[in-house]
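K.L.:
What Swiss-Prot lists as GTP binding site is ARG101, ARG110, GLU144, LYS145, GLY146, ASN147, ARG171, ARG200. As annotated by Swiss-Prot, 5-phospho-alpha-D-ribose 1-diphosphate binding site applies to ARG154, TYR206, PRO207, ILE208, LEU209, SER210, THR211, GLY212, ASN213, THR214, with the evidence given as similarity to another entry. Here Swiss-Prot flags THR267, HIS268, PHE269 as uracil binding site, drawing on similarity to another entry. As annotated by Swiss-Prot, compositional bias 'Low complexity' applies to 37-69. Annotation source Swiss-Prot lists region 'Disordered' at 1-69.
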Amino acid sequence: MEAMPCHNQRLGAAGGPRPQDEQTAPAGGCSRLIRFAEPSEGSSSGSPSPDSSSGSNGAAAAPSPAAEDCASPLGAQLKLLPMNDQIRELQTIIRDKTASRGDFVFSADRLIRLVVEERLNQLPYTECTVTTPTGYKYEGVKFEKGNCGVSIMRSGEAMEQGLRDCCRSIRIGKILIQSDEETQRAKVYYAKFPPDIYRRKVLLMYPILSTGNTVIEAVKVLIEHGVQPSVIILLSLFSTPHGAKSIIQEFPEITILTTEVHPVAPTHFGQKYFGTD
């Protein structure tokens, strides 16, 4: 079956992707395109929006089909959820300022679940044999233990239920990071993790990556608790090019999974999800 195109890949008779836009995955993987969408007309891609969930209730419209694509410079550390029309519709509802809160939360929860399941599919499994009710021996696999989740409060807490729906007994830690009123720099106010977090793979949850500063501070806290950046997997829904680049430049070993890279992030996410907009 022909692979579903990336959501930022133009279709039709205009021809295929340019050779310089193609990125090759590491050995054992498949080639795929990672593209940044261009901002909609009238928006500025030079000034990323703040990482906090404060902001206008509206989000930018979808990029113009005529917008020129640009290739990702971030390599294999930035991974996009395979695109299809279902995911595109969920993204559209989340960005639509006229969407009701019920539709918004429903769509966000669905998209979160898809991101979590995609990432769990990349974690280690071991082979096992089970016996069916009819006595048949079935060769299967089982999920390896040793993973945990960490949500960056408050918007990251929206992703906790999606993780628990897939891993009922997984342990989840929390980090609260806010901007200092005087310096406007990210400051850690609260952090609580499983005591053996340094031995676990960490699924760090933060739905909107705008500047990347909040995530960078969170990763620094995890490192202070003995966690290596190479075992941290950042789960997000939307990211700006600036946010993803800032995180990967600071921590080249970290992995980011998101559904879309776009210069304008829906920073109203946390307020609308929790009903405080």
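Please read every residue number as a count from 1 along the shown chain.
Each residue, glycine too, has its Cβ placed from N, Cα and C.
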K.L.:
Would you mind checking how many other C-beta atoms are within 10 angstroms of the C-beta on ARG200 (GTP binding site)?
P.N.:
20
K.L.:
If I take the Cα of ASN213 (5-phospho-alpha-D-ribose 1-diphosphate binding site) as reference, which of the binding-site residues GLU144, GLY146, ARG171, ARG200, PHE269 has the closest Cα?
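P.N.:
Among GLU144, GLY146, ARG171, ARG200, PHE269, PHE269.
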K.L.:
Hey, how far is PRO207 (5-phospho-alpha-D-ribose 1-diphosphate binding site) from ARG171 (GTP binding site), Cα to Cα, in Å?
P.N.:
19
K.L.:
Are any of GLY146, ARG200, LEU209 (the binding-site residues) within 10 Å of THR267 (uracil binding site) when you go C-alpha to C-alpha, and if so which?
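P.N.:
Candidates kept after distance check: LEU209.
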K.L.:
If you count other Cβ atoms within 10 Å of each one's Cβ, which of the binding-site residues ARG110, LYS145, ARG154, HIS268 has the most?
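P.N.:
In terms of Cβ crowding, the pick is HIS268.
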K.L.:
What three-state secondary structure does DSSP assign to ASN213 (5-phospho-alpha-D-ribose 1-diphosphate binding site)?
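P.N.:
Looking at the DSSP assignment, ASN213 (5-phospho-alpha-D-ribose 1-diphosphate binding site) belongs to a helix.
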K.L.:
Same chain only, sequence gap of 6 or more: which residues have a CB within under 8 Å of the CB of GLU144 (GTP binding site)?
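P.N.:
Listed in sequence order, they are LEU123, PRO124, TYR125, THR126.
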